[in-house]
Amino acid sequence: MRFPRPTIASGPLCILTAIYLLAFTNASFWQKLGAYFHDHPQKLIVAGAAILLLHIALLLVFSAKYVIKPVLIFMILVAAGGSYFTATFGTIITRSVVEATFTTTQAESNQLLTTGFILHMVLYGLIPSLLIVWVRVKHRPLLRKIAVNTVAITACLVGAVVLIGSDFGSFSSMYREHRSDIMERLEPITPLKSTIQYAASNLKDNRVVMQPLGLDAKQTLAPLPSGKKLLTVIVVGETARAKNFSLYGYKQETNPELKKQDIVAFTNTVSCGTSTAVSVPCMFSPFTRAEYSSTKFRSSENLMDVLNHAGVKVAWYENNTGSKNVADRIAMVDLQNSGDTRYCKGGECLDQILVDYLKEHLKNFNGNATIVLHMTGSHGPAYYRRYPAEFARFQPECRTSEFSNCTNEKIVNAYDNTILYTDHILSEVIDLLKSNESRFAPAMIYMSDHGESLGENGLYLHAAPYFIAPNEQTHIPFIAWFSPDYASATRLDTACLKQGAASPASHDNLFHTVLGMMGVKTSVYDATLDRFASCRKAAVASQS
């Protein structure tokens, strides 16, 4: 039996689609807006009506024949996808989220294709899209359509302005103060805007001419009497938040191995961003968080290049989604493509592969060297895939990417297991460096790229806009270990560092701190941003 296809004019179809988008794919937006206007329901109604008129005006722009259906379907699918992540994880689809989406691995993408996501897309995306495909759309002659649409769009815009103007003070205040928390939850407006911003930024960055940095860099430390070489291993963590490190007072013992090592744990460190795509290039750049932009990063060389100019041997070992262009001009090994069945499955590898690779290849370094290990760390939502079974110590744990199927206790336990495994990996790196002290004077520095939300205030994962990001997403662990020969060679007073471990630190410090650690002098080095500089001076003073 065939059902007759209904016919609808393009204008009413746009109106119905706008109503559908606001009513069914914007629950998070209405929840936040309703909370803001909870004492003034009439203002909520006025704001909602104005936003509906603006949506109708936008859709009417694309109501031409052969254009209307693809555009409306695209809008619905984008809104359905965005609403799932906003409702499930509290994630706002910012430019950095879009960038992370385009630069992630296939394995990470697959972990987000859960049953819940598929059902959500079918219910809120596919079914309404099929309805639009099914109906016949009636169009006026072109010139008449342009005239009618112009009048309708103008009427919608004027109506929206009148409604907003009826209480402009309240609405403008709400927009200024809560733009990122409320207005940027609008679907599909925010995902579309963020995608356009990302594309425009990429086009701009691709036209940037790379400028050399630190060509005057040189190593100034005297050779060690023993003939040993200086070795700094930088471990870049993933999604580790300081709050869940027992080194910083967390209730669960997540750092049983590191607490036995003679480390310095800096307690007051913040990240440059809330996503890997922002934080990793920022922390290796010469720019502070206040100065940083992707365009500036693309226009300049970075820490690894400056070390290279100074004659330091540099390498990057990758077990994440890439170096984010930091290692473009140096030796980089992508271990996720190694096919090592001991540690890798489904396009992802456990971080033990980094330790083993470092162990096998340290013999190839005959001069002063800096090696970066980029961990997969605690990347969610599939926390349970980041550690082997023997590190599933905190139980019960969440063993799915669908947080709706887990209690908060299970989610936190799975995350804590990732921190426990990170603790083990870092301790393994330190032990490996200790075992090579006959050849090197080694040191290790560990910084996470950003933190993670675990349900606080309804937020999960990360990538919140920085100026509204909770502390859980920006307060990160920063840990350092120094061999006795390293401390002696660089005149570093580790007791001084421990005494000042509570002083503020950030990703701004990494560039200059590592240059100082390797004894590299250059015009781009800033001692005021070298987190260890004052304790080198203290060591010099104590020896004079």
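Heads up, the Cβ atoms here are built off N, Cα and C, so glycines get one too.
Features as listed in TrEMBL:
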- 7-24: transmembrane segment (TRANSMEM)
- 44-64: transmembrane segment (TRANSMEM)
- 52-201: domain 'Phosphoethanolamine transferase N-terminal' (DOMAIN)
- 71-93: transmembrane segment (TRANSMEM)
- 113-134: transmembrane segment (TRANSMEM)
- 146-166: transmembrane segment (TRANSMEM)
- 232-520: domain 'Sulfatase N-terminal' (DOMAIN)
When counting Cβ pairs under 8 Å to the transmembrane segment (7-24), the leader among 44-64, 71-93, 113-134, 146-166: 44-64
Whole-number mean of pLDDT values that fall within the domain 'Sulfatase N-terminal' (232-520): 96
Composition by DSSP (helix, strand, coil) of residues within the domain 'Phosphoethanolamine transferase N-terminal' (52-201): 119 helix, 3 strand, 28 coil
Long-range Cβ neighbours of the transmembrane segment (44-64) (under 8 Å; 6 or more residues past either end): 10-11, 13-15, 17-19, 21-22, 30, 33-34, 37, 71-72, 75, 139, 145, 149, 152-153, 156-157, 159-160, 163-164, 166-167, 171, 174, 186
